Structure formats: structure tokens, C-alpha cells
């Protein structure tokens, strides 16, 4: 520590000498040149002061802060310069409307040049002041560092004494802790030994107690098991007596079974004879069955022919009824269409067309007299006009009533056909109930049902 103090003092002296030289040169140099020179000088300090990293760190931090401040001030000045330049240009153009364009441009150039020179001077002054302030702060930091170093050298012996005392106290504390731990271990071992003896005594007492209880339970269980064995032997003797009785009854039953076997043999002989008789009867019945089957087949053929004829007759009836229904429905639809078209056309017909359409009953010699040309006057003229209108529409209402009557007649015919259809369906059901057809001969009922379209 004492060896490193001398070069630090030399560095401080060198740094104190450098500001004077910088102040002499900055009068003719710009702001940019000062920054470059300052940056060129800093690596020399770093090379010389390799053994003092704390001072170099402080210098780097201060340098970074100052550079940031310089950048901010330069940006602000440039922004202010551009704003003022734009304002001046606009003012000149607004106030000097009478001047020519070339004169205005020359004045703008003069203002720009003057502003730039002012900016350069301001920048130089700011750079010089910032550099001086930076060098002063660095010199103060080095002075404080040297003072701290001297103070540490003076108080070195007292610090060493305090450190030694601290280590002695640590060793004493360590010894006391070890002694306390040993005492605690001995106490714990004594307690464990005492607990072991107490647990051993308790376990022996419990063992004796459990032993007595087990002997008592064992004796009780022996007595109970002897009783159960005695009861089981009594039950065995009773079961043995029952077994002998059952054995005797089985012998008597075996004899009865032998007698039954003899009887069954006799019954078998009788059954064999009866089977032969029944086989003869079965053969006779089979012959009768074949005759009946042939007779039934002949009847079925006759019934099939009748069914076929009835089927054709029903098919003809259904086709004719369907045709009638279709024709009636077509007539109904045509009548409805005619009525609808007539009703629709009436709205679009003129009075003259209405007169000609319903003028079948009137005489041909009478001239067409429009309603508008009739004389207007008393009530009699109006009555005649209304009567004439009713007479003209009489033919139309007759045709309408005729169509309505046709519809009513067609509905009645349809109702009668439905009744006939139900009658035919009942006849088919009766035929099915009377005759038992096979699956090949039987015909579905749905084929003969007449449905209205």
C-alpha cells in the first residue's frame, strides 16, 4: 500500500498540469477537436495507472456522464438552430413581399452564416467550461483518495490489534461451545440409560402380566373345546344310529325296485304289441291322408280359378272406378278454374263487354244503349237502370249456379263410389274367412282396395 501511493501522486500532478495546456489551445479549435483530444489523452492515463483500478473506474464513470451531457446539449442546440432558421425564413418571406427573390435569398444566407458562427462560439465555450469542471472533479477525487490511503496506513496497527482480539474471542467461544456440547452429551447419555432401565423394568412387568392372562385364556379354551368334543361325539353316535336305520330301509326299497323292474318288463312287452298295432293304424291313416290331400289340391285348383276370375273382375271394377274418379276430378278442377277465371276477368271487363257477354236473352234488334247515356232524373229512371243491370248479369249467374250444381253432383258420385269400395272390401274379407288359401295362392287385400284420388 505504501509503494502504490507515490505513482498516484505523480498522476495527480500530471492531470493538474494538463488543463492549462488545453485552455491555451481551445481558443482556436472547435468543439469536435476538443472531444477527440480528450479521448486521445485518456488511454495514456490508463496505461500509466494500471495499479490503481479504483481511480480509473471513477474517471471512466465521470467521463461517460460528461459525454452524455455534452451530447444532450449539442442536440438541444441543433434543434433550436433549426427552429430559429425556419422562423427567420418565414418572417423574411412574409415581411419582404416587395423585394425580389434574389435579395431575399441573400439575406437568408447571411442569417444562416451568422447563426452558425454564433453556435460554434457557444459550443466552444460550453466545451471549455465542461472540460475545466471535469478536471477539477478528477483532481478532488484523487486528493480524497490519497487522504483515505494515509489514514488507513496510520490506523493499520490498531486495525490489526482489533482483528487479533476478534479472532481470540472466536476461539474462546469455540472452546466454550465444545465444553457445553460435551456436557450436554453426557447428560443425554445418562438420561438415555435411565430411560432404558425404566423401560426394561416396565417391559418385564408387562410380560409377566401378559403371560398370566395367556395361561388363563388357554385353560378356558381347553375346557370349552373339551365340551365341544363331548357334544360332537354324542352327535356322531346319534348320526350312526340313523345311518343304520336308513340302511335297513334302503334294503327293503331295493327289493321293491326289483319287483318293479319285473313289472316294467311285462309292461314293455305289452307296449311292443300295442306299437305294432298303432303302426298298422298309422299306415292306414297315411293312405287316407294322401287321398285327402289330392282332394284338397283339386279343391284348391278350383278355388284358384274362382279367385283369378274374381280378381280380374275386381281389377276391371277398380280401373273403371279410378277412371271415373279421375274424370270427375278433372271436371271439378275445370269448373273451379272457369269460375276463378270468370271472377278474375270481371274486374278487368268494361261495361260494354259485360253487356255483350250476358246479352243472350235480349233481342238482336235492340240497340246497345250505354248506362251513362240513360237520362238522369226521377226515381223511375234509376229503377230502370238497376233492373237493366240485373238483367244483364242474369246469364252469368245462371252459368255460375250450373257449375256449382255440377260440383255437388260429382261429390255425391264420389261418396257413392267410396261406399261401393267399402262393400267390395267386406266381400274380400268374407272370402278370406271362408277359404283357407296357401301362401302361393293368397293375394294381398291392398290390390283390390279402391282409393279416391
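Cβ atoms are placed via backbone N, Cα and C, with glycine included.
Feature annotation (TrEMBL): of 1-27, 28-54, the stretch labelled region 'Disordered' is 1-27. According to TrEMBL, the feature coiled coil maps to residues 243-295, out of the candidate ranges 243-295, 296-348.
If you take every residue in the coiled coil (383-434) and average the pLDDT, you get 76.
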